[in-house]
Amino acid sequence: MSPVKIGVLISGGGTNLQSIIDNIKNGNIDGEIKLIISNRKEAYGLTRGKDAGIESIYLDRKLFNSEEEYNLELIKEFKARNVELIILAGYLRVLSKELIEEFNGRIINIHPSLIPSFCGKGYYGEKVHQGVLDYGVKITGATVHFVDEGTDTGPIILQEIVYVDSEDTVDTLKEKVLKIEHKLLVQAVKLYCEGSLIIERRKVIIKQR
Ligand SMILES: Nc1nc2c(c(=O)[nH]1)N[C@@H](CN(C=O)c1ccc(C(=O)N[C@@H](CCC(=O)O)C(=O)O)cc1)CN2
Ligand SMILES: NCC(=O)N[C@@H]1O[C@H](COP(=O)([O-])[O-])[C@@H](O)[C@H]1O
């Protein structure tokens, strides 16, 4: 079977993207990243992609009249490269209904909390960890899920917990969770590329090999 053609959307540093690049390179993931798109020009993830020899572009939202038009351009770029799976690796914009429909069941997102806690509109990046600390929960973690029209409401693929210590700060918590994110995202993409993920309504079944 030929490697799954992957498109990646980013907005920032790209450490999750890097974990996918590294695990494709070492043969752990049977995939090929065809295109990386960032909605932010300064995203270091673009540099990571270029350093890995992957087409990496900044798509300026200001060039488009609406979020819908911006998403239609995303669809065009990914379809032009026959992308089969889209990974949201720290992408901080909500995808449109059209894009979700076009790639239904083929968009994976990584989120730095245990969904359904600390997620949805306004919860992204360090804001998530600040919410965890402000609330005083004792466990947090990471979630990889399929993306639907809601924000962080799609079927959950994998989750793993991280214990919150009394002396944790946003930075220390972010670092602990990011390590788990890298592991979970690689596992989920590997399972997807192996055809091991089955979506049954709200549930994701992992086929045992
Ligand atoms: N249709 C969907 N789109 C996206 C999903 C999803 O589940 N369904 N996941 C998000 C990622 N995400 C959390 O995992 C997320 C991203 C962004 C926001 C948010 O509130 N963004 C701000 C703008 C932030 C900025 O540009 O600085 C906003 O939209 O006002 C919340 C959650 C990716 N897309
Ligand atoms: N709601 C989406 C969200 O908060 N995504 C988060 O942005 C960070 C991106 O880091 P990276 O650019 O180093 O991969 C990651 O922690 C990811 O979970």
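Even glycines carry a Cβ here, placed using N, Cα and C.
What TrEMBL says about this protein:
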- His111: active site, proton donor (ACT_SITE)
- Gly14, Thr15, Asn16: N(1)-(5-phospho-beta-D-ribosyl)glycinamide binding site (BINDING)
- Asn109: (6R)-10-formyltetrahydrofolate binding site (BINDING)
- 5-189: domain 'Formyl transferase N-terminal' (DOMAIN)
- Asp152: site 'Raises pKa of active site His' (SITE)
Using Cβ-Cβ distances, find the residues under 8 Å from the residue listed as 'active site, proton donor' that belong to the same chain and are at least 6 apart in sequence, listing them in sequence order. Cys119, Val128, Ala142, Thr143, Val144, His145, Asp152
Return the residues near Asn16 (N(1)-(5-phospho-beta-D-ribosyl)glycinamide binding site), defined as same-chain residues 6+ apart in sequence whose C-beta is under 8 angstroms from its C-beta, sorted by sequence, else 'none'. Ala89, Gly90, Ile110, Leu178, Glu181, His182, Leu185
Rounded Cα separation (Å) that holds between Thr15 (N(1)-(5-phospho-beta-D-ribosyl)glycinamide binding site) and Asn109 ((6R)-10-formyltetrahydrofolate binding site): 14
Quick check for the class: what is the C-alpha distance, in angstrom and rounded, between Gly14 (N(1)-(5-phospho-beta-D-ribosyl)glycinamide binding site) and the residue listed as '(6R)-10-formyltetrahydrofolate binding site'? 13
Can you give me the same-chain residues 6 or more apart in sequence from Asn109 ((6R)-10-formyltetrahydrofolate binding site) with a CB-CB distance under 8 Å? Ile87, Leu88, Tyr91, Val144, His145, Phe146, Val147, Asp152, Gly154
Remaining residues near the recorded N(1)-(5-phospho-beta-D-ribosyl)glycinamide site, that is with C-beta within 8 Å of the centroid of the site residues Gly14, Thr15, Asn16: Ile10, Gly12, Gly13, Leu17, Gln18, Ser19, Gly45, Arg48, Ala89, Gly90, His182
Students should find that the Cβ of Asp152 (site 'Raises pKa of active site His') has, within 10 Å, a number of other Cβ atoms equal to 21
Please identify which of Gly14, Thr15 has the densest Cβ environment, defined as other Cβ atoms within 10 Å, among these binding-site residues. Gly14
Using a 6 Å cut-off on Cβ distance, which of the recorded positions Gly14, Asn16, Asn109, His111, Asp152 come close to any atom of ligand 1? Asn109, His111, Asp152
